[in-house]
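What follows is a short report on a single structure.
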Amino acid sequence: MMSGVMLLMLAIFLIIAFTLMYLAIYFEFDETTFTKRLQVMTEYVKRTNADEPTPDVIGYVSDIMQNTYIVTWFNTVDLSTYHESVHDDRIEIFDFLNQKFQPVDRIVHDRVRANDENPNEFILSGDKADVTMKCPAYFNFDYAQLKCVPVPPCDNKSAGLYPMDERLLDTLVLNQHLDKDYSTNAHLYHPTFYLRCFANGAHAVEECPDNYTFDAETGQCKVNELCENRPDGYILSYFPSNLLVNQFMQCVNGRHVVGECPANKIFDRNLMSCVEAHPCAFNGAGHTYITADIGDTQYFKCLNNNESQLITCINRIRNSDNQYECSGDSRCIDLPNGTGQHVFKHVDDDISYNSGQLVCDNFEVISDIECDQSNVFENALFMDKFRLNMQFPTEVFDGTACVPATADNVNFLRSTFAIENIPNHYGIDMQTSMLGTTEMVKQLVSKDLSLNNDAIFAQWLLYARDKDAIGLNPFTGEPIDCFGDNLYDVFDARRANICNDSGTSVLKTLNFGDGEFLNVLSSTLTGKDEDYRQFCAISYENGQKIVENEHFQRRILTNILQSDVCADLYTTLYQKYTTLNSKYTTTPLQYNHTLVKRPKNIEIYGANTRLKNATIPKNAATIPPVFNPFENQPNNRQNDSILPLFNPFQTTDAVWYSEPGGDDDHWVVAPPTAPPPPPEPEPEPEPEPEPEPELPSPLILDNKDLFYSCHYSVPFFKLTSCHAENDVIIDALNELRNNVKVDADCELAKDLSHVLNAYAYVGNGIGCRSAYDGDAIVVKKEAVPSHVYANLNTQSNDGVKYNRWLHVKNGQYMACPEELYDNNEFKCNIESDKLYYLDNLQEDSIV
């Protein structure tokens, strides 16, 4: 008994296990799927196995649902599913042979194209040859939509009224596109429906009024015959819109004709008879009528029973109450009969383009397309200060619609256009110094992401200096000599023109030589600086580098001369802090040229100088004569001649020598050399000895550094760094810097003391300047500020920092060379052996 139960349970278990295994295998892998994948792999192998081995995984399109399709990837070893993914055929297409997805644009471009010879056809590129496909009748292929679309009803038709045939009724009234032959009834038209085509290709289906039939030959609605079976003289209650106030319609010989009342009578449409009265007498205010002596666009409107007003319209129509009224749009008045299209065109000095289109029908506006003409460069600022003086639109009209404006659909009338710079602190107008080229605009609107807009702007500029001109006419691009009362080029500031008040002729041409520069704030355009040698001149030939070189610095190492600020300051300091050994008194304030190099053009004669070593000692027993005629003279042994004591033709070296505390300036003359010995045999060449190091300069004041801050080729500021090569002066500088005197109102600007003659406007009408007053370095409040600035942080009126040696932080002001300035600690690491002096070349020279 137990054995039978066990056998039954075992049988049930086996049946369940077999069923589960079967279902698992069935759902996991059915025979149909196996067959499909086997066919897919077989097809793939046949077409590709000659080129490459069978891959481990193959994908194929397994399901399609409208635009969505599924790509199934399976293992080629056992045909089991590897992966599935969902895709959109509007975005990408699966390439079976290459086992890759390709963008739709590329597929369409490669596989589908329109047939230029027949708009009803399109061409498919097959694997072996092209295949021409046809759209249904009255359909054309639209490549943009990649499908066949109905031919517009007004295709190739001018504006006007057209009869409705069977095909038009099917498509426009019944809204059905049937693929059938309409040639059998091609001559039949609907009696009252007609097609109105507009100038822009649009259409409308309209119907004639009651008692009217559309005449296909004339293209107008004509009234039906109203006098059929009516006697002659029968007056009709039919009043066409062009019927005058004294006219009526009557029947004659079975046809309706216009009848007319006797003179001085009107036809009363209420009484249906001619009466002798004013047209307004029976109808009152608001009644309208027309007479033979007014125009086609005019009518009379009754003000009361005996007065009327003449109304002039753009277009006269009659409303549903049989009263005249005005209609139409004034914009259509220039079109013939108020019907047609007008393409608007924008033209200025630089470009021209179509900006829109107006379509009218019977003086009514059907379509008014206005493209977006807002300037794409309206808010564009190049290099933070330049604007294009050109109105380049956002959109243009291409004949059918507004499209984005490009270099291809905008016509350039000139090769150059004006460039404007935003207002600046110095009032510099650069529109005559450079012009933009049309290639710049083409590059800017092409949306080339490989270059930024500033780089494109700088690359396509035309400079006045390129044409060897002081300026270019912003409107014609031709060289000019005047543009207002003066003309200069900030990119080539070697010259300038001063013109008459009308700006028509040159009064004076300035060529700036050594010691002169262009001062844009001066009426004379000339500034003076003895050290300046056109150091700010731009040497670049690359146009892009020229405009990018807005702010730069020139450094020049030169000598301290007796006439410059270094000599004045250091001489004063030296004489103040130097004392005589015997009396410990301050040396007299006398400048004697002992501190600096002798100017090149000052001659020193031997009779007025004494050698330091020739000074007579106080304890000398005897005083030797300056010149002893009996002293043994050197002679020339070769010719037994006596050499002169002074030979003006003798070659000698002289050193201009000076020493602190000396009595005067001295020439130290090298003693005459003996005659050269007889030539000896040339010795063997020896290695060249190393050059001896240069001896240090014997001068206390030797070198100075000049730093010019340039705005393009115009110098704005000059920083002089005076080298101190004497311990007395170095100690004096340190003492002065440790004992700076500051006015109370200039406490915020106390750090101007690092650089003499530095100026800062601290607001509230207070201007502070650093100076050396002969006793101490002071930061003093000026009685009247030299300059007042709107922006205290930049010390300018346009928010641009021009003075690179003046620093502002948290309301405090400091003058310091850039390389010595510590912005984090607001500190100037000033050098103990240098004195700095700042010149504002543009502003201070005109104060």
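Every residue gets a Cβ built from N, Cα and C, even glycine.
Cys261 is paired in Swiss-Prot with Cys274, the candidate among Cys251, Cys274 named as its disulfide partner. The zinc finger annotation in Swiss-Prot falls on one of the ranges 48-97, 148-197, 198-247, 348-397, namely 148-197. Sequence-distant contacts of Asn500 (N-linked glycosylation site), defined as residues of its own chain at least six apart whose C-beta falls under 8 angstroms from its C-beta, comprise Cys482, Asp485, Leu507. Closest to Asn156 (N-linked glycosylation site) in space, going by CA atoms and restricting to the recorded positions Asn211, Cys274, Asn306, Asn337, is Asn337. Counting only residues at least six positions away in the same chain, the Cβ atoms of Val223, Asn224, Leu226, Tyr238 sit under 8 Å from the Cβ of Asn211 (N-linked glycosylation site). Mapped onto three states, the DSSP output places Cys221 (disulfide bond) in strand. Of the recorded residues, Cys261 (disulfide bond) and Asn337 (N-linked glycosylation site) place their C-alpha atoms 31 Å from one another. Checked against Cys208 (disulfide bond) by C-alpha proximity, the recorded positions Cys274, Asn306, Asn337 yield Asn337 as the nearest.
The Cβ of Cys221 (disulfide bond) lies under 8 Å from the Cβ of Thr192, Tyr194, Cys208, Pro209, Tyr212, Thr213, Phe214, Asp215, each on the same chain and at least six residues away in sequence.
In sequence order, His278, Cys280, Ala281 constitute the residues six or more apart from Asn306 (N-linked glycosylation site) in its chain with CB-CB distances below 8 Å.
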